[in-house]
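Written out below as structure tokens is the structure these notes cover.
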């Protein structure tokens with residue numbers, strides 16, 4: 001009717017003992033994986049309290065040392081920004097690929113260029129002027145890379161032809177020259193158009209002035225055309241009558257007396 005009674009003590013702490021739990025056959029029914037009484041083969045012979053033991057000391061710098069290093073770096077950066085400290089830039093040397101590229105740009109082989117055949121930065125004369133850097137060299141200088149500015153020296157000496165020292169124009173230089181010439185031609189065309197417009201405006205103004213002067217001056221009197229009616233007999237009679245009426249009355253009386 002009732003199940004089998006299990007072993008163990010249901011009393012207080014004074015009646016409980018861990019050794020009895022370890023030796024009990026039915027401990028898995030009421031006890032989990034406890035550190036005091038490990039159950040199963042995975043817990044036997046293992047250090048189950050490894051996390052509670054002290055760890056090995058760290059070999060890296062402590063937090064205080066790291067904070068002190070950060071503060072020092074910030075102080076140096078602030079002094080450099082304010083100008084109280086000179087920033088020393090470490091020059092980066094040319095790599096082999098950069099050296100080969102520069103030699104190709106100048107048109108010579110890197111093996112032919114020895115140390116004896118190269119001029120240093122201070123060996124150029126004062127009249128030689130500054131070295132014209134290409135676009136790639138300028139970009140490299142902006143990034144902080146060292147620019148190769150040496151020039152090849154011929155064995156003939158300083159009396160070499162200037163044409164030999166000149167570099168061949170590259171495609172980029174040609175493109176820049178073409179763009180500049182195109183801009184100049186555009187500007188010239190604009191100037192010509194402006195001049196043509198000004199000249200045209202002047203001509204129009206002169207024509208307007210002439211037309212105004214002609215309209216303001218009195219037109220010459222045209223000869224009056226004789227109408228066909230002037231030669232008609234009716235017109236002649238009217239004319240004679242007007243002439244007779246315009247005479248003096250004394251003349252009219254004389255005419256009448258003569259008629260009588």
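Residue numbers in this text run from 1 along the chain shown.
For all residues, glycine too, the Cβ spot is worked out from N, Cα and C.
Look at Swiss-Prot and you will find 1-11 tagged as compositional bias 'Gly residues'.
Feature annotation from Swiss-Prot assigns region 'Disordered' to 1-21 (among others).
Reduced to three states, the DSSP call for residue 22 (SUMO2 cross-link) is helix. Of all the Cβ atoms in the protein chains shown, 13 others lie within 10 Å of the Cβ of residue 22 (SUMO2 cross-link). Residues annotated as SUMO2 cross-link in Swiss-Prot: 22 (among others).
Annotation for residue 104 (SUMO2 cross-link): no same-chain Cβ neighbours under 8 Å separated by at least 6 residues are found. DSSP assigns residue 104 (SUMO2 cross-link) to a helical segment in the three-state reduction. The SUMO2 cross-link feature in Swiss-Prot is assigned to 104 (among others); the stated evidence is similarity to another entry.
Residues annotated as compositional bias 'Basic and acidic residues' in Swiss-Prot: 106-116 (among others).
What Swiss-Prot lists as region 'Disordered' is 106-133 (among others).
Marked as SUMO2 cross-link by Swiss-Prot on the basis of similarity to another entry: 113 (among others).
Positions annotated as compositional bias 'Low complexity' by Swiss-Prot: 117-132.
Look at Swiss-Prot and you will find 123 (among others) tagged as phosphoserine, backed by similarity to another entry.
Among the features that Swiss-Prot reports, phosphoserine is placed at 127 (among others).
According to Swiss-Prot, the region 'Disordered' annotation covers 148-260 (among others).
Per Swiss-Prot, the feature compositional bias 'Basic and acidic residues' maps to 170-182 (among others).
Per Swiss-Prot, compositional bias 'Basic residues' is recorded for 183-206. Across the compositional bias 'Basic residues' (183-206), DSSP assigns 24 helix, 0 strand, 0 coil.
Residue density at residue 215 (phosphoserine): 8 other Cβ atoms are found within 10 A of its Cβ, drawing on all protein chains shown. For the recorded site, residue 215 (phosphoserine), the DSSP three-state label reads helix. Under the heading phosphoserine, Swiss-Prot lists 215 (among others), citing similarity to another entry as support.
Residues or ranges marked as phosphoserine in Swiss-Prot: 216 (among others).
Annotation source Swiss-Prot lists phosphoserine at 219 (among others).
Reported as a whole number, the C-alpha separation between residue 215 (phosphoserine) and residue 22 (SUMO2 cross-link) equals 137 Å.
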